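This report concerns only the one structure given below.
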Amino acid sequence: MNMSQASVSFQDVTVEFTREEWQHLGPVERTLYRDVMLENYSHLISVGYCITKPKVISKLEKGEEPWSLEDEFLNQRYPGYFKVDHIKGIREKQEKPLWQEIFISDADKTLSKEGQKVLEKPFNLEIAPELSEKISCKCDSHRMNLPVASQLIISERKYSRKKTEYMNVCEKLQLDIKHEKAHAEEKSYEHGENAKAFSYKKDQHWKFQTLEESFECDGSGQGLYDKTICITPQSFLTGEKSCKDDEFRKNFDKITLFNHMRTDTRGKCSDLNEYGTSCDKTTAVEYNKVHMAMTHYECNERGINFSRKSPLTQSQRTITGWSAFESNKCEENFSQSSAHIVHQKTQAGDKFGEHNECTDALYQKLDFTAHQRIHTEDKFYLSDEHGKCRKSFYRKAHLIQHQRPHSGEKTYQYEECAKSFCSSSHPIQHPGTYVGFKLYECNECGKAFCQNSNLSKHLRIHTKEKPCDNNGCGRSYKSPLIGHQKTDAEMELCGGSEYGKTSHLKGHQRILMGEKPYECIECGKTFSKTSHLRAHQRIHTGEKPYECVECEKTFSHKTHLSVHQRVHTGEKPYECNDCGKSFTYNSALRAHQRIHTGEKPYECSDCEKTFAHNSALRAHHRIHTGEKPYECNECGRSFAHISVLKAHQRIHTGEKPYECNECGRSFTYNSALRAHQRIHTGRKPYECSDCEKTFAHNSALKIHQRIHTGEKPYECNECEKTFAHNSALRAHQNIHTGEKLYECSECGKTFFQKTRLSTHRRIHTGEKPYECSKCGKTFSQKSYLSGHERIHTGEKPYECNVCGKTFVYKAALIVHQRIHTGEKPYECNQCGKTFSQRTHLCAHQRIHTGEKPYECNECGKTFADNSALRAHHRIHTGEKPYECNDCGKTFSKTSHLRAHLRTRSGEKPYECSECGKTFSEKSYVSAHQRVHTGEKPYECNVCGKPFAHNSTLRVHQRIHTGEKSYECNDCGKTFSQKSHLSAHQRIHTGEKPYECNECGKAFAQNSTLRVHQRIHTGEKPYECDECGKTFVRKAALRVHHTRMHTREKTLACNGFGKS
């Protein structure tokens, strides 16, 4: 005889609650209920029960409440809408009846060592096919014909719960037991103390009348109707059982026992050998469950115990990478049946419904129903915690969970560490953190996680996946429900960014809408996110809850701590794709990449100057506003930047935290250390685009470029004089104030600038830290080294705008320009004489004081000028470093070389203002001008004879001393003057270097050439005072005066004069 198989749905092995019933359960009872339900479902899956994951299981796995007002609301609007399709889908996909795979007879059951029932031989429960085909259920309450019993159950449960019509079980077939129960509203279980009746499922009774037996809990000796409470994994095989309470001796079903144990807290179970203490019944059951379950399922790979088989199975699949379910179309593998079924619906295009208002197609029923609330804007639940937020919710579970932060309630507690949580999912997730095992590992980077959801979020970093997309604006969202919470008009505000988290999306939407609902009660500042508000409030409270375990430094933000810890680890996870440079912070990488792109997105509204960083723009704004918000507590000085303040405070503390690894020298600033290290490396990364000169520092390059641009941005407020360098301005301002802050401890000399004092100290110490890489010569100042290096390179970067002459040093250019301007800013306080150079003034003042601080180590001779001492040293060494490029002649002084070059070129740039006479050297002009003034400042100490020139005085003094220090090497003749020796030597050599431009005649001496040139010019500069006759040479004047006028006077005295 042909028989059809009757299949069983998941509802046959589950317990459902109404809203009122769920309210009576306590936290421990709800947790126990969740564990039982999840365990039952895991065993159904393990024996091949293929089904889309029930909604109640999904809720329990997420830690949500299994009952919500949404279910009741949807069933009122769409009676039987969900369970019909669910049952149809199961029957269409099921290849053979599940009765054969799940249920076994009582005779075929055996008991394992752990006390679990083992499935060995299945049995069949058969129904006549003619009856099976005619099954049709009718609801008498509202006269509806329903195709299956489950649909009738839903309809009757919602509309006719108060009716008490009874149906014959045998006449209506056992399949209508649920419908009969809904009409009967039977209440067969009663508590003896308060005679309260309860209504729960009894549909297992007719199927398993022969399987009734009573289970007793080994831990407390308490009789229970269902061994599930005592951790029997086959609770779905048992029908209703007898539950025995030791105190009341009453029978209860599962949920009645839960409620009874919740109210009856007086009862204690005394003999718990596992824990050695007495406790209430609820705690005993829970402890017994935890104790026994942890030993049932153990992972051999990781050594971790599980209370249910499903986590063990999932753990093993994670380790082995085994996937039980494979897609036929795309060959994608899945470790869970629920994920496989959802994937098949996606590929097949099996969409539950398409919404009429927005044409969005959704794959799941819950998504469709929840999506409808977006358009209707139905939010049933309103939070009114003392008028704090007035926030509304679609679901009551969300409202309850939202209210816990307001009330401070933490209902769920983890017993290992006594930590409590607001959400039921948190203590479930917490043990993984507490124990330290992480089941879920990333295949890309090897990072492990306690929760699969965290692994899924982490994988989006590698895949850059944004899970869901809204067609309205091109954005990606966490779910279709969140994606449609804003209209397409709102989405047009930006260009399609993507977000992988719901919180990110909501925060981004508030930015677009300008919404800032969270306000600080201290300062009134508003924020778009509550996390931003909490972080901001720590500014007022000073709270820094995050502490570094390495250095004990505390931070107000957890992200700041994470970033700080990279200082200790040296981690630089962010790498530039262009140059490969790595950075500690992502923001630093983005800022660095602007170097390659040249992007400067931040523009000043006052001067339109652009910046690569927003911080640089803010700092720049303070130039316009003059704001200096950061003040030093020690000296009261204020600064525009906090970094400058911190660096300034090191002056007071003396701290120098930055040390050079090469030489051990320490610095106050990190930038100073980096600049110093370039001395060791010789690196000069900054190059001038005009002259290609390189510099070790960017600031030096900017200062150098002012030479080409002529820019002088620093102006003196007193005299309006401008300067190219800020340091030069500060030094100049000390001239007006007369203040000299820096004093030498050795000699007491004071200076305007600290750098001048540092340079001066090297005179006492003899330190010369700057060495020439070409010749090894050392210098006390870096500027001296730079000037010296130009001798090797021949570079003369400073050019005169008037005559085009170039100079090695800028100071030489400035002095030269005074020739054209006639400026002599330095005046002698004694005689009022002015000088174009400060050094000339200092040398002149020594004439009045008689000071000669520079002494020759060879002969002990002293000099007023250091340059004169150096020139004197060359007499002993015979050094003549200055060579003429035309004739090869060398000179000991550069002034002699310049005079020699002018002799060859005939250049005479210096002109007498009185007579217009020109000279090749400036000293010649000064000496010549004394002819007009009659000044003779140099006087002989022996005879008192004055002289116009110092050189003439020195020559004269040799008459008194008889000194003739210059000797001819050829004939041994000695001379008192070097010029006389040079002239004498030309007799031996026959050299005549001085040539007349008019007739080409050559002479041995320059004085002879000058006398000869008077023949061509007709000049007779020497005039007789007696008769007014003029002569070309001075010697001729003397002869004339002797012969004519002296002789006449002699004759007149002797009586021979004319009568």
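A Cβ is built for glycine as well, from the same backbone N, Cα and C atoms used for every other residue.
Worth saying up front: this structure is predicted, and the values here are computed from it rather than measured.
Annotation source Swiss-Prot lists domain 'KRAB' at 8-79. Across the domain 'KRAB' (8-79), the prediction's mean pLDDT works out to 69.
Summarising the annotation, Swiss-Prot assigns SUMO2 cross-link to Lys178.
Positions annotated as zinc finger by Swiss-Prot, on the basis of sequence analysis: 352-375 (among others).
The zinc finger annotation in Swiss-Prot covers 412-434 (among others).
Annotation source Swiss-Prot lists zinc finger at 440-462 (among others). Residue counts of the zinc finger (440-462) by helix, strand and coil are 11 helix, 4 strand, 8 coil (DSSP-based).
If you look up Swiss-Prot, you'll see 518-540 (among others) marked as zinc finger. Sorting the zinc finger (518-540) by DSSP state (H, G, I as helix; E, B as strand; all else coil) yields 11 helix, 4 strand, 8 coil.
Sequence annotations record features per position, and here Swiss-Prot assigns zinc finger to 546-568 (among others).
Residues 727, 730-731, 734-735, 780-781 of the same chain sit 6 or more residues outside the zinc finger (742-764) yet have a Cβ under 8 Å from a Cβ within it. Summarising the annotation, Swiss-Prot assigns zinc finger to 742-764 (among others).
Annotation comment: Swiss-Prot describes 770-792 (among others) as zinc finger. Long-range contacts of the zinc finger (770-792) within the same chain: residues 759, 762-763, 808-809, each at least 6 residues beyond the stretch ends and with a Cβ under 8 Å from a Cβ of the stretch.
Secondary structure counts, DSSP: the zinc finger (826-848) has 11 helix, 4 strand, 8 coil. Per Swiss-Prot, zinc finger is recorded for 826-848 (among others).
What Swiss-Prot records for 854-876 (among others) is zinc finger, and it gives sequence analysis as the kind of evidence. Taken residue by residue, the zinc finger (854-876) breaks down under DSSP into 11 helix, 4 strand, 8 coil.
Beyond the ends of the zinc finger (882-904), by six or more residues, the same chain brings 871, 874-875, 920-921, 993-994, 1006 to within a C-beta distance below 8 angstroms of the stretch. Per Swiss-Prot, the feature zinc finger maps to 882-904 (among others).
Taken from Swiss-Prot, the feature zinc finger applies to 994-1016 (among others). For the zinc finger (994-1016), same-chain residues at least 6 beyond its ends with a Cβ under 8 Å from one of its own Cβ atoms are 903, 906, 983, 986-987, 1032-1033.
Outside the zinc finger (1022-1045), and at least 6 residues removed from its termini, the chain residues within Cβ reach (under 8 Å) are 1011, 1014-1015. Under the heading zinc finger, Swiss-Prot lists 1022-1045 (among others), citing sequence analysis as support.
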Which numbers of helix, strand and coil residues does DSSP report for the zinc finger (546-568)?
11 helix, 4 strand, 8 coil
Secondary structure of the zinc finger (742-764) by DSSP, residue by residue, totals 11 helix, 4 strand, 8 coil
